[in-house]
Amino acid sequence: MFGKLLTKLFGSRNDRTLKSLGKIVTKINALEDDYEKLTDDELKSKTSDFRNRLESGETLDDVMPEAFAVVREASKRVFEMRHFDVQMLGGMVLDSNRIAEMRTGEGKTLTATLPAYLNGLTGKGVHVITVNDYLARRDAENNRPLFEFLGLSVGINVAGLGQQEKKDAYNADITYGTNNEFGFDYLRDNMAFSPAERVQRPLHYALIDEVDSILIDEARTPLIISGAAEDSSELYTKINTLIPHLIRQDKEDTEEEIGEGDYSIDEKAKQVHMTERGQEKVEVLLTERGMLAEGDSLYSAANISLLHHVNAALRAHTLFEKDVDYIVQDNEVIIVDEHTGRTMPGRRWSEGLHQAVEAKEGVHIQNENQTLASITFQNFFRQYDKLAGMTGTADTEAFEFQHIYGLDTVVIPTNRPMVRKDHADLVYLTPDEKYAAIIQDIQGCRERGQPVLVGTVSIEQSELLARLMKQEKIPHEVLNAKFHEREADIVAQAGRTGAVTIATNMAGRGTDIVLGGNWNMEIDALSNPTDEQKAKIKADWQIRHDEVVAAGGLHILGTERHESRRIDNQLRGRSGRQGDAGSSRFYLSMEDSLMRIFASDKVTGMMKRLGMEEGEAIEHPWVSRAIENAQRKVEARNFDIRKQLLEFDDVANDQRQVVYAQRNELMDAESIQDTIVNIQADVVNGLVDQYIPQQSVEELWDVPGLETRLTQEYGLKMPIQEWLDTETDLHEETLRERIVDTWVKAYQSKEEMVGESVLRQFEKAVMLQTLDGLWKEHLAAMDHLRQGIHLRGYAQKNPKQEYKRESFELFQQMLESLKHDVISVLSKVQVQAQSDVEEMEERRRQEDAKIQRDYQHAAAEALVGAEEAEALAAHTPTVREGEKVGRNDPCPCGSGRKYKQCHGKLT
């Protein structure tokens with residue numbers, strides 16, 4: 001109550017921010033008349049003036065009002081488009097490490113030119129990041145004339161470019177590209193073997209379009225560069241044949257009754273669990289097929305890999321649905337993004353799940369991969385000196401942007417008032433009733449000439465609606481992952497009179513739906529159109545536009561609520577752009593995923609009490625509130641999972657930064673001779689300490705062991721025992737010096753043989769290759785540690801603290817191994833000439849060519865397990881004495897109930 005009163009008196013934080021920025025907009029507007037009088041050359045010369053001022057000590061904030069005024073004037077001359085005041089506000093927000101929420105159609109692309117130009121003046125590089133190659137190319141080509149008019153260069157960074165093309169793109173003042181490509185280039189640069197192979201400059205300023213999609217929806221998706229591991233496709237195929245024999249549990253276990261079945265599904269957590277009966281059945285099936293020894297358990301240590309394959313196959317069959325979670329195209333399983341409805345070629349689920357889905361669908365099973373380098377988008381983007389983003393829907397996730405990335409969200413007002421009508425949800429009992437009402441609504445819109453955009457949550461649902469419309473003879477276009485090639489064309493004409501477009505989630509995001517259709521695309525389709533043709537197209541469009549506005553504008557029709565309110569708002573935001581007329585409504589049924597899992601009991605009870613009949617819908621604020629609360633619960637849970645992922649990845653990120661920094665130092669150094677000498681001394685002293693303990697008597701020395709180790713691991717034959725027998729004055733310290741001296745002389749003789757420059761180059765190549773190999777093994781060990789760390793909760797230990805402690809120990813071991821392995825190779829290898837080093841480089845390049853780029857979804861289940869385990873750490877452990885009691889045996893307490901439903905619950 002007091003909060004509302006204070007907001008009324010002093011305005012919200014957002015209002016105060018906009019008010020202070022509004023004063024700067026007034027300054028920019030005051031410059032407009034003067035800048036209009038400048039010639040083109042005088043306007044262009046402003047860029048070099050600004051750069052000189054920055055070099056002489058002025059800041060970007062000092063030149064910002066003038067720079068923004070210059071961009072506005074240049075845009076008027078190049079594009080015949082003037083930045084609105086609200087776009088100036090958006091530009092200032094983006095320059096100040098914040099997120100600008102700007103409604104669809106408010107000109108985010110043009111707004112981005114302001115901070116991109118300002119930060120491009122520094123010469124350090126600006127990265128404008130979009131969600132796909134099409135948008136990156138489109139925005140770069142559209143804005144190139146403006147930036148080049150002002151003397152700034154523009155680059156495009158998309159997949160498939162050569163090394164020099166990438167370098168040129170990154171050396172431009174402003175580089176457009178996709179989040180994946182920038183991330184992969186960062187990883188590749190940190191796997192390079194010479195400075196010439198690196199393409200990126202230091203990460204300076206990132207401006208992210210559709211920031212919610214990249215920093216939130218993609219946050220659980222690490223970028224992974226991987227190489228092929230062992231082939232286990234046959235095992236996946238065999239395990240796949242077992243799953244159809246298993247039956248889903250008919251109901252959940254209760255105290256009174258145990259549900260019949262082999263596995264249970266937790267839809268909220270998207271997890272599947274085998275029951276005791278299911279485990280026994282799988283063991284019998286595996287034994288029959290000769291994959292498990294008679295009497296052996298699936299849960300024994302030796303069968304962990306088998307259990308992993310069974311769990312992956314069970315998840316593939318029960319939790320992942322064709323045409324919802326993935327599609328099969330060209331004998332390949334392609335993931336469908338649950339947030340955008342787009343396909344994601346090249347992206348694979350981790351932990352064997354993708355191979356299990358391939359086995360289920362009977363397509364070619366690709367090998368599992370071994371991680372060579374990985375990073376999450378969260379940690380990649382936090383490396384930029386300046387980070388900003390823009391989207392139409394950020395306010396619902398403002399807390400997460402602030403908490404994870406330190407980015408405040410500012411809601412930018414629309415240039416014209418928003419007049420879209422958002423109708424209350426209509427809730428039906430069954431999907432059939434819901435779809436019948438949707439078809440009826442569409443027919444009503446077509447009669448009025450009102451265009452309709454139907455938003456669905458899956459490909460399956462979009463195809464079902466398409467079939468229903470075909471039956472009713474309603475002309476329509478379908479926009480889903482299967483038809484993404486025509487995406488821009490379909491979206492461009494979705495605003496025509498009476499048009500009906502079905503779109504999965506937010507496919508087509510980034511392209512505006514213009515009422516009456518997109519006349520620009522009609523002109524672009526003509527080759528060398530005349531002025532008369534252009535005028536006619538525009539006049540025809542104006543008539544259609546007025547007809548659509550009179551019919552009520554674009555009508556948004558949602559067929560199901562998404563887990564996130566933000567995705568629903570994105571769908572609604574397609575209508576009502578730039579003050580246009582429009583409307584929206586969601587149609588729901590009690591069998592929709594969100595309703596069934598979260599909101600079902602309350603709303604179903606209410607509907608039954610109201611005595612609803614078939615075809616009747618409920619429309620009430622209470623229902624909308626219950627649905628919104630359900631969405632909030634899911635959003636909170638997903639935020640916790642992303643936060644957990646980040647906390648674990650932060651540990652790996654600290655180590656990644658150390659390794660990459662050391663790697664770059666090695667690569668940039670002309671010679672690493674001093675480093676090798678220091679490592680040699682460390683290795684020798686450590687080795688001697690193992691066999692000749694300090695300040696110990698000679699009887700405790702293991703001289704034969706030391707001689708053998710030196711010969712086997714380092715190729716050095718030293719007659720240490722002979723020295724001791726013939727030279728009575730040798731003691732521990734002098735012996736240590738003799739060993740080091742002999743080692744150094746042996747190494748110097750190599751240098752004399754092949755030449756100093758060749759050996760220096762070879763040292764660097766060995767050091768880098770050894771570091772890469774050990775880092776790869778370390779990443780695999782970290783993955784292994786991560787997957788089972790939540791089980792530490794059962795031992796009353798905090799999994800996060802245990803992960804930090806053990807990962808640090810693994811890292812220390814890796815650094816020790818690095819020293820020993822490098823010295824071992826340098827001591828044993830005989831370098832003949834420069835050609836040996838070149839051959840080593842060539843082999844490494846051939847290996848690089850086999851490397852794959854993967855994006856793998858982090859398994860949320862492991863993180864959920866970690867949360868549960870932390871809670872367990874607070875409980876006292878139960879120690880069993882005597883014989884183990886089976887879960888289905890009678891409880892020893894004498895109650896007559898099964899042990900798992902009585903005292904077994906406590907364990």
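Just so it is clear, glycine is given a Cβ too, placed from its N, Cα and C backbone atoms.
The ATP binding site feature in Swiss-Prot is assigned to Q87, G105, E106, G107, K108, T109, D512. In the structure as shown, the Cβ atom of K108 (ATP binding site) sits within 10 Å of 22 other Cβ atoms.
If you look up Swiss-Prot, you'll see 873-907 marked as region 'Disordered'.
The compositional bias 'Basic and acidic residues' feature in Swiss-Prot is assigned to 878-887.
Under the heading Zn(2+) binding site, Swiss-Prot lists C891, C893, C902, H903.
Residues or ranges marked as compositional bias 'Basic residues' in Swiss-Prot: 897-907.
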Other CB atoms, at most 10 A from the CB of G107 (ATP binding site): 19
G105 (ATP binding site), number of other Cβ atoms within 10 Å: 21
Neighbour-count leader, CB within 10 A, binding-site residues: E106, D512: E106
Assigned element (helix, strand, coil) containing K108 (ATP binding site), judged by DSSP: helix
Assigned conformation of D512 (ATP binding site) - DSSP reduced to three states: coil
Largest CA-to-CA spread of ATP binders Q87, G105, E106, G107, K108, T109, D512, angstrom: 17
Cβ neighbour count within 10 Å of T109 (ATP binding site): 17
Structural state of Q87 (ATP binding site), classified by DSSP into three states: helix
Intrachain C-beta neighbours of Q87 (ATP binding site), sequence separation six or more, cut-off 8 angstroms: E106, G107, L110, T111, L114, N415
